[in-house]
Amino acid sequence: MSRTLPKALLGATAVAALLAGGPALAAEPLKIGVMATLEGTYTVLGEDGIRGFKVAMLKHGDTVGGRPIDITIASTDASPDSAVRAARKLVEQDGVDIVIGPLSGSEGIAIRDYSKTQPQVTFINGSSGAQETTYVTPSENFFRFNMDGAQWSAGLGDYVFNEKGYETVATIGEDYSFIYTQVFGFALEYCAAGGEITDRFWVPLGTKDFASIIAALPDDVDAIYLGLGGGDAVNFLNQYQQAGGEANLIGGSIMVDGTVLSSKGKAKDALIGVPSAGPQADTWDNEAWQAYVTAYKEAFPPDQRFPSPSLLATGYYNSTDAAMICIDQLGGDLGEGQSAFRDCLSNLELDAPNGKITLDHNRQAIGTNFVIEVVEAENGDLLTQLVSMKEGVNQTLGIDPDAFAQIGLPSREIPECKSSYE
Amino acid sequence: MRRFVERNPFWSIVILVAVAVLVWSIFAVWPDWLVDAIGRKKIFLNALFNGITLGALYFLVASGFTLIFGLMRNVNLAHGSLYLFGGYIGYEIADWSGSWLLAFPVTFLVVAVLGVALQLAVFRRMQGQDLRQTLVTIGISIVLADLMLWIWGGDFFQILTPEWLSGPVETFLVTGVKRSSGDPIFLKYPMVRLVILAAAIVIGVGMWLLLNRTRIGMLVRAGVDDREMLTATGVNIQLVFVAVFAFGAGLAGMAGVVGGTFQSIAPGEDTRFLLASLVVVIVGGMGSIPGAALGALLIGLAEQFGSVYMPTYAVVLTFLIMVLVLAFRPQGILGRA
């Protein structure tokens, strides 16, 4: 008896499943894996990325193109090996069809390489912004709907030189691919406008004590460019205030992002009035943008989100949105080897909340960039305000592709500060 | 001292010269050729002082770690979690009461109680089983990290300093002379770091006195040397264990408040400080308080000098020191074989 009962139960369950699941058999669930930095110095960035993903899923619902969506989330710590580990878990263990992520620059390069070994899976970048990821040996099944770090700098160099009048700048940044790309984009425009970059300081990602580097910053420059993010940014600002620093600051894209502007404590106050550039402006009065901000605010209680979505949330939102739109258009059938799905992504004109996004031949986004400044809202929140915007920013930043290739890949020393790169 | 000089005349001279050079480089106005060679004096002095204050923070965390290890032969890999927990508690107290100073005693007590609970509920049951303790403490640290992530989220917390502590203060050390007037330029240094340095010295000296001049200290030292013999003399060793664990945990918690003041508190800091404590203790010698002080100072200085003079390899420098110590003096600089 004790041996037959489980069998009987099993049989009954199977019958019930057949009865209930008649139509569901046709609609096999679509497995989506999401990876973000939910550990380490970029934890708070990863959390907001996941929020962006959830906002997009709320928009499209649990069933897209007639197929129920099955979500698996994997955690990384901003290191390339953690990203590959997470991707392998999603692809080889959970058997996902689509991977959304990763978040951080060097992770993106590692996932591009990994994606080549898994041609049956489509990878859609979350928000990682190293130039190399799509510019050098791009992968057929890796798509990026966010611009890279250099594109996110578009407009900034020109603005700080011509409007702010900063003629000499020193840069300090985290020593990895995304910040190289950011400084690359800033330097190309700033140097071409006539500015001079006197020193470039590079600190390891995860540096907590900046006191000595702050003392080493030159005091005879007009401004200091900060290419830091997450906990490193907060620590820098805290120690900068303690040291009585008074220089003009210029922020990198993730330096003046919601992730830093929402930190607890006074450190962030040093950022008020600081110019920066990135793929969004928090207080932009565009209708689509405001609708997106409202959707974000309504999706989470105030203590579990930022006052306004960070660029990481927007990155994950756009990637997920693009994927869902294509799945919906194809009625849930991704085609042989997901070819139909990839065609759809490649040709998609995404009406993103932060401006229209299309992909180039490397499956890299061409989009709108925003020059912004940090302002204090009436309730004390720090937000970014639009200064100017630039549409149709491509990966070579409007420079002739051959001349662009001559400049070299972003690194500690590249690009040289020259008045012309053509 | 004299015996050391008699036995090692060569090293004595080397040390003497090094100290003389250091004193000169701190107090003298640097000539131009030196500035050309290694940069401005301001950078050097800042790296030196920052290295010492960072070392002070490492000392606070590592001294509890080394004390617990020395007495109980218990490698507590959840020590970093106690640091992080202390930081969060400190933030809550400072935020709620508006008093930075109040955060220290309260945090010390709260984290010490957690330490007592850990000792009574966990470690006491597996005394002498090194591997089991190690694995259990790793497990506890993972659970604690997730609990803290659940409660406080992934945000960065920075503990507000009172008005009198924020901003820089002008010291009496000269970094250079103004070209126009010839007036000396004095070194400006963050006030909060000076206070932290002073506090760490007071705590360090206090611990040394406690260990070397009191009856409790005598018990602890006896326990470190020979636990069985101490028990045989009728001392309630379990009570000593609990007291030391509480004290070590409390210190780690207080270090969390210090760290949250001049750095920040966020997920991941627990493993960072566990790693730092391990390196400090391996360099200084497991179980030795002066060793922890020396190791912390060395690692702090290496990090800060590395960050300005060889930024690319700064991360390697710390581990290079560890490798050198392990290769030539595996028991640590002040450790006993």
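Backbone N, Cα and C define each Cβ position, glycine as well.
Under the heading transmembrane segment, TrEMBL lists B:12-31 (among others).
For B:43-69 (among others), the entry in TrEMBL reads transmembrane segment.
Per TrEMBL, transmembrane segment is recorded for B:76-94 (among others). Long-range contacts of the transmembrane segment (B:76-94) within its own chain (CB-CB distance under 8 A, at least 6 residues past either end) are made by residues 61, 64-65, 68-69, 100, 102-104, 106-107, 110-111, 114-115, 118, 123, 133-134, 137-138, 140-141, 144-145, 148, 151-152, 157-160, 248-249, 252-257, 259-260, 265, 267, 269-275, 277.
For the transmembrane segment (B:100-123), the residues of the chain that approach it from at least six positions outside its boundaries are 72, 74, 76, 78, 82, 85-86, 89-91, 93-94, 133, 136, 140, 159-162, 165, 241-242, 245-254, 256-257, 261, judged by C-beta separation under 8 angstroms. The feature transmembrane segment is assigned by TrEMBL to B:100-123 (among others).
Marked as transmembrane segment by TrEMBL: B:135-153 (among others). Through the fold, the transmembrane segment (B:135-153) approaches residues 75-78, 80-81, 84-85, 88, 118, 122, 126, 267, 270-271, 274 of its own chain, all at least 6 residues removed from its boundaries and within a Cβ separation under 8 Å.
Taken from TrEMBL, the feature transmembrane segment applies to B:191-211 (among others). Outside the transmembrane segment (B:191-211) by six or more residues, the chain places 49-50, 52-53, 56-57, 59-60, 63, 161, 164-169, 217, 220-221, 251, 258, 261-262, 289-290, 293 with a CB less than 8 A from a CB of the stretch.
For B:239-262 (among others), the entry in TrEMBL reads transmembrane segment.
Per TrEMBL, the feature transmembrane segment maps to B:274-301 (among others). Within the chain, the transmembrane segment (B:274-301) has long-range Cβ neighbours (under 8 A, six or more residues past its boundaries) at 47-48, 50-59, 61-63, 65-67, 69-71, 77, 79-81, 83, 141, 204, 207-208, 211, 224, 318-319, 321-322, 325-326, 331-336.
Within the chain, the transmembrane segment (B:308-328) has long-range Cβ neighbours (under 8 A, six or more residues past its boundaries) at 38-39, 43, 47, 279, 282-283, 298-299, 302. What TrEMBL lists as transmembrane segment is B:308-328 (among others).
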Contact set, same chain, for the transmembrane segment (B:43-69): CB under 8 Å, 6 or more residues outside the stretch: 25-26, 75-76, 79-80, 82-83, 173, 175, 187, 189, 193-194, 196-197, 199-201, 203-204, 207, 220, 244-245, 247-252, 254-255, 258-259, 262, 273, 276-278, 280-281, 284, 286-289, 291-293, 295-305, 307-309
